[in-house]
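S.K.: For reference, TrEMBL lists these features for the protein:
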| type | residues | note |
| --- | --- | --- |
| ACT_SITE | GLU424 | active site, proton acceptor |
| BINDING | THR138, GLY177 | FAD binding site |
| DOMAIN | 17-132 | domain 'Acyl-coenzyme A oxidase N-terminal' |
| DOMAIN | 278-439 | domain 'Acyl-CoA oxidase C-alpha1' |
| DOMAIN | 480-596 | domain 'Acyl-CoA oxidase C-terminal' |
Amino acid sequence: MEALDYHAEERRKAEFDVEEMKIVWAGSRQAYEISDRVARLVASDPVFRKDNRTMLSRKDLFKDTLRKAAHAWKRIIELRLSEEEASKLRFFVDQPVFTDLHWGMFIPAIKGQGNEEQQQKWLPMAYKMQIIGCYAQTELGHGSNVQGLETTATFDPETDEFVIHSPTLTSSKWWPGGLGKVSTHALIYARLITDGQDHGVHGFIVQLRSLDDHLPLPGITVGDIGMKFGSGAYNSMDNGVLRFDHVRILRDQMLMGVSQVTREGKFMQSDVPRQLVYGTMVYVRQKIVADASCALSRAVCIATRYSVVRRQFGSHNGGPETQVIDYKTQQSRLFPLLASAYAFRFVGEWLKWLYTDVTQRLQASDFSTLPEVHACTAGLKSVTTSATADAIEECRKLCGGHGYLSSSGLPELFAVYVPACTYEGDNVVLLLQVARFLMKTVSQLGSGKKPVGTIAYMGRSEHLLQCRCEVERAEDWLKPNVILEAFEARAARMSVTCAKNLNNFANQEEGFAQLATDLAEAAVAHVQLIIVSKFIEKLQQDIPGKGVKRQLEILFNVYALSLLHKHLGDFVASGCITPKQGALANEQLRLLYSQVHFDNPSLLLYMVLLLERLLQSTSF
Ligand SMILES: CCCCC/C=C\C/C=C\C/C=C\CCCCC(=O)SCCNC(=O)CCNC(=O)[C@H](O)C(C)(C)COP(=O)(O)OP(=O)(O)OC[C@H]1O[C@@H](n2cnc3c(N)ncnc32)[C@H](O)[C@@H]1OP(=O)(O)O
Ligand SMILES: Cc1cc2nc3c(=O)[nH]c(=O)nc-3n(C[C@H](O)[C@H](O)[C@H](O)COP(=O)(O)OP(=O)(O)OC[C@H]3O[C@@H](n4cnc5c(N)ncnc54)[C@H](O)[C@@H]3O)c2cc1C
């Protein structure tokens with residue numbers, strides 16, 4: 001049976017309302033309708049074709065990308081698309097391009113760190129793309145260590161200007177997307193110096209190229225940093241290098257929403273946390289989490305499609321060979337990835353709410369949730385991108401030799417996706433930020449300060465440090481409260497153990513350095529607990545549609561129990577569960593795989609259909 005006939009057949013047999021499941025995935029009926037409409041628009045427009053991009057030279061690929069970006073902008077204007085529709089269209093164009101950074105970082109940084117006057121001056125030009133901006137923070141010598149950046153912005157009270165300078169080779173800005181060829185302006189992060197005093201890293205808007213002939217302005221040396229991983233992939237983006245030779249800018253080109261420099265050259269740190277200078281990174285990290293579920297779902301679609309159609313071995317009396325989806329090993333590798341796509345989708349929805357909430361609080365000078373938002377965005381960005389990068393590679397391997405063909409779509413998807421483990425914060429560095437937040441919370445237990453939000457479970461650590469999971473039969477692992485308590489106990493015990501071991505060192509810094517690996521693992525346990533708990537919260541909502549909630553419950557159990565199986569060492573070593581209970585979880589997982597496959601083949605195929613229009617616009 002051909003794949004498409006099979007799909008149609010399976011849809012007819014669906015155990016659940018596929019249309020309602022589409023809405024669950026999209027987040028709302030409106031979001032689904034926008035996504036569906038824009039996906040069709042992109043898939044039906046020959047200018048947006050993607051099946052040739054791995055065969056183009058870097059120069060032709062870049063020209064192709066610019067052509068697509070210009071065409072996208074033209075269609076956005078012609079069709080009067082909303083900001084949400086425009087963002088979707090850029091997403092479905094699905095090729096790293098300078099507009100990612102213009103819309104994704106340059107504009108949000110001005111909105112988040114600029115004062116009212118600066119927003120009124122720069123945003124209208126940016127929205128009309130009369131200026132094109134990039135986010136130039138990373139340098140050749142420093143990326144993770146933002147406080148180590150070397151570019152300087154020295155205030156000259158004589159002329160009421162800042163002098164932007166690259167004092168060393170390692171201070172060269174290196175990596176910013178859109179910098180190499182396209183951007184006319186950059187948001188530069190540099191050391192603010194007034195009257196000889198260094199006030200740390202702040203943001204400055206600097207024009208790089210002429211708006212008349214696009215040539216670099218005096219004192220500016222700028223270019224592209226060359227080919228990156230893979231052939232097509234990220235090579236459609238002009239990541240660049242930039243050096244300053246005493247470039248002068250007006251004082252009002254320092255973003256003054258977080259701190260200011262007066263006409264007299266006096267540095268004024270307003271009463272907001274200096275970390276708001278990092279606000280744009282926090283914003284992008286929360287978007288990257290939602291993006292992980294999209295990238296993961298695409299890989300799972302391809303691998304599911306293949307697994308359902310591909311047959312190998314098992315022919316009896318000349319009959320058809322076995323579908324590879326029937327092999328338990330194929331199921332145990334693929335189904336947790338399908339479940340992870342939904343898990344990341346739902347935690348991404350929640351994280352978007354958390355970010356919106358903190359943005360509103362900041363406007364009321366309420367900084368109380370900032371530490372938690374930093375820990376959640378950093379941790380979820382790290383865990384979801386690492387898992388997704390690994391999953392795309394796993395999906396390639398699930399497709400045999402065909403997974404290695406460009407036309408499968410998987411190599412390109414992998415090559416474009418994997419830098420997500422590095423950009424917007426190296427994943428290990430971000431886990432250590434989460435660990436810092438966890439250790440601070442543990443140190444405050446007993447101080448009377450009650451842990452709240454995603455760390456509230458630490459307030460029950462006395463119970464969690466000694467509880468025993470109530471699991472005697474495999475089906476006991478189907479109870480959300482049993483799973484939740486196991487994940488809470490594992491996270492609490494790993495954090496408390498780290499905190500105790502830190503006390504064996506002369507100081508916190510030394511302890512942190514020596515125990516960094518344990519601390520990173522404790523951070524992963526905490527973040528996985530957040531993902532599990534948000535999936536449970538999603539299932540507690542009213543979910544319409546025949547059988548939809550039932551399918552999601554199956555996926556939740558697959559996600560949680562496959563994680564438990566993968567990290568069984570943590571759970572058993574921390575005493576949360578016994579080896580026998582671990583074996584029962586694995587037994588339950590096997591039963592669940594059969595449910596996902598035999599009772600609900602349409603759930604799998606639904607994922608295949610989920611972004612089918614998008615897949616059709618690739619060559620696979
Ligand atoms: C752009 C597209 C948008 C859509 C996205 C969708 C999909 C993605 C698709 C495509 C993406 C396209 C392009 C990719 C763009 C990539 C762009 C970049 O990569 S930009 C550069 C990114 N760089 C980084 O992320 C740097 C990482 N390093 C840091 O963030 C910091 O250096 C640090 C590791 C956090 C350390 O900072 P610092 O030394 O200043 O602070 P500490 O001393 O460690 O901690 C002090 C204190 O501050 C708290 N804190 C730290 N950061 C924050 C924060 N962001 N918010 C709030 N609080 C913070 C920290 O917890 C400490 O608190 P305490 O313990 O209480 O003292
Ligand atoms: C495709 C892509 C696009 C990018 N776009 C932009 C952009 O638009 N704008 C921008 O400003 N930047 C951009 N970047 C840069 C990116 O943000 C940095 O690469 C990233 O922050 C990591 O910094 P680094 O490369 O200097 O590595 P480092 O910070 O030097 O880290 C190197 C490695 O050392 C280890 N390490 C470092 N510190 C620690 C620690 N404290 N503990 C344990 N291990 C540690 C980690 O393994 C890390 O991977 C982009 C990068 C890529 C790959």
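Every residue gets a Cβ built from N, Cα and C, even glycine.
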S.K.: Quick check on the domain 'Acyl-coenzyme A oxidase N-terminal' (17-132): DSSP residue counts for helix, strand, coil, in that order please.
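M.R.: In the domain 'Acyl-coenzyme A oxidase N-terminal' (17-132), the DSSP-based counts are 89 helix, 0 strand, 27 coil.
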S.K.: Average the per-residue pLDDT over the domain 'Acyl-coenzyme A oxidase N-terminal' (17-132) and send me the rounded value.
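M.R.: A mean pLDDT of 93 is what the model gives the domain 'Acyl-coenzyme A oxidase N-terminal' (17-132).
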S.K.: Look up the residue listed as 'active site, proton acceptor' in the DSSP assignment and reduce it to helix, strand or coil.
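M.R.: Assignment for the residue listed as 'active site, proton acceptor' reads coil.
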S.K.: Rounded to a whole angstrom, what is the C-alpha distance between GLY177 (FAD binding site) and GLU424 (active site, proton acceptor)?
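M.R.: Cα to Cα, GLY177 (FAD binding site) and GLU424 (active site, proton acceptor) are separated by 12 Å.
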S.K.: Please name the residue among the binding-site residues THR138, GLY177 whose C-beta has the most neighbouring C-beta atoms within 10 angstroms.
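M.R.: Most Cβ neighbours within 10 Å: GLY177.
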S.K.: Please spell out the DSSP helix, strand and coil residue counts for the domain 'Acyl-CoA oxidase C-terminal' (480-596).
M.R.: 97 helix, 0 strand, 20 coil
S.K.: To the nearest whole angstrom, state the Cα distance for the pair THR138 (FAD binding site) and the residue listed as 'active site, proton acceptor'.
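M.R.: Their Cα atoms are separated by 10 Å.
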S.K.: For the residue listed as 'active site, proton acceptor', what residues in its own chain, 6 or more apart in sequence, show a Cβ-Cβ distance under 8 Å?
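M.R.: Listed in sequence order: MET281, VAL284, ARG285, ILE288, LYS381.
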